[in-house]
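J.: Next up is a structure, given as structure tokens.
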Amino acid sequence: MKNICLLGATGSIGEQTLDVIKAHDDKFRLTAMTFGKNAEKAAEIIETFKPKYVGVGDEHTYETLKQHSFSYTFKTGIGEEALIEAAVIPEADIVVNALVGSVGLLPTLKAMEHKKTIALANKETLVTAGHIVKEHAQKYDVPLLPVDSEHSAIFQALQGENPKHIKRLIVTASGGSFRDRTRRELEGVTVEEALNHPNWSMGAKITIDSATMMNKGLEVIEAHWLFDLPYDQIDVLLHKESIIHSMVEFHDRSVIAQLGTPDMRVPIQYALSHPERLPFNEAKSLDLWEVGQLNFAQADFERFRCLQFAYESGKIGGTMPTVLNAANEEAVAAFLSGRISFLGIEDIIEKALERHQVIAKPSLQEIREVDKDARKFVQTLLT
């Protein structure tokens with residue numbers, strides 16, 4: 001039995017992780033969980049899975065949760081401290097980081113210090129502090145298992161392979177909600193249109209990131225850290241069906257791809273069960289006859305400027321990816337609240353990157369300060 005700590009239980013990845021735990025309740029137990037503001041959903045999860053510890057986003061949500069009557073007692077915590085308390089709970093074997101944003105960094109590092117296996121769905125952890133996370137993983141000798149479908153695909157393709165034989169990684173991308181539109185057609189698109197992803201069921205922020213292709217850019221930076229490869233050995237390929245989740249090309253020109261129907265529960269389960277493979281009858285089997293054909297196209301930097309920003313930031317390194325991520329988070333929030341246009345997201349990110357003075361090898365404190373400063377700068381652009 002593996003005991004799971006789930007950070008971000010009420011989000012999209014969190015819910016799908018709970019599906020996996022429920023499907024294999026003889027293999028997995030939810031020991032600790034955190035959530036942000038959705039007290040109603042959290043109350044259902046608590047009563048169903050009965051975790052020993054529950055972290056709540058803020059005081060107001062905590063007061064709302066207290067109004068529910070539960071059939072058992074459990075420990076609680078509030079705010080960022082609760083994220084860390086949950087991540088280091090002695091009973092947990094695996095910490096699933098399903099948080100959105102850079103708030104996921106510190107709990108990951110603390111969990112590593114307590115020898116927890118990390119199942120990472122929080123992109124920002126590696127994007128903002130990849131060098132620190134990798135150092136921690138090596139220092140404390142803890143596995144860092146990818147949950148993203150693309151990185152899981154690469155991870156699976158590399159099982160039993162010598163990393164020295166890799167020629168390149170090919171990260172596939174659906175292209176998001178607006179993959180068939182020109183830049184001119186993107187002017188004036190609505191939030192509702194942007195949130196209508198053709199293939200995947202995801203949260204609002206990641207769905208917008210998918211539409212701008214920033215999501216793929218962040219995944220490229222993640223892949224750089226996860227698989228220790230330079231950026232010129234990581235390619236992005238548009239593949240609208242989302243059937244091939246990613247590929248690895250080796251020096252002998254062989255290519256290994258991982259395929260499957262788009263269902264995030266499959267890579268989540270692989271991260272939880274690794275090195276085992278468990279059955280998962282909830283997922284639909286891949287029927288290539290039914291799919292009929294697979295389509296591919298080049299990822300154009302001029303069309304997808306956020307992808308270009310990510311490659312450039314990754315190559316520069318240091319604190320540049322931190323600024324990229326912080327500016328993107330603030331810009332996406334502004335778009336979702338109707339304060340800027342869809343293309344305005346790119347403009348804000350570009351301005352934040354242009355003004356930044358890079359720190360080559362930042363400490364954790366410097367990363368936090370740069371993150372805060374970048375967000376403040378974006379807010380000045382929005383007022």
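Placement of Cβ uses the backbone N, Cα and C atoms for every residue, glycine included.
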J.: If Swiss-Prot says Asp148, Glu150 bind Mn(2+), which of Glu80, Glu81, Glu85, Glu219 does it name for the same site?
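T.: The one candidate that Swiss-Prot places in that Mn(2+) site: Glu219.
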J.: Thr10, Gly11, Ser12, Ile13, Gly36, Lys37, Asn38, Asn122, Glu124 bind NADPH according to Swiss-Prot; which of Gly203, Gly217, Gly260, Gly292 goes with them?
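T.: Swiss-Prot lists Thr10, Gly11, Ser12, Ile13, Gly36, Lys37, Asn38, Asn122, Glu124 binding NADPH, and from Gly203, Gly217, Gly260, Gly292 it also lists Gly203.
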J.: Under 8 Å between C-beta atoms and at least six apart in sequence, can you list the same-chain neighbours of Glu124 (NADPH binding site), or say none if there are none?
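T.: The answer is Val100, Gly101, Ser102, Gly104, Leu105, Leu218, Asn325, Glu329.
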J.: Between the binding-site residues Thr10, Ser12, Gly36, Asn38, which lies closest to Lys123 (1-deoxy-D-xylulose 5-phosphate binding site), Cα to Cα?
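T.: Of all the candidates listed, Ser12 is nearest in space.
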J.: Could you state the CA-to-CA distance between Asp148 (Mn(2+) binding site) and Asn215 (1-deoxy-D-xylulose 5-phosphate binding site) to the nearest Å?
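T.: Pair distance, Cα basis, whole Å: 11 Å.
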J.: Return the residues near Asn215 (1-deoxy-D-xylulose 5-phosphate binding site), defined as same-chain residues 6+ apart in sequence whose C-beta is under 8 angstroms from its C-beta, sorted by sequence, else 'none'.
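T.: Asn215 (1-deoxy-D-xylulose 5-phosphate binding site) has long-range Cβ partners Lys123, Gly176, Ile206, Asp209.
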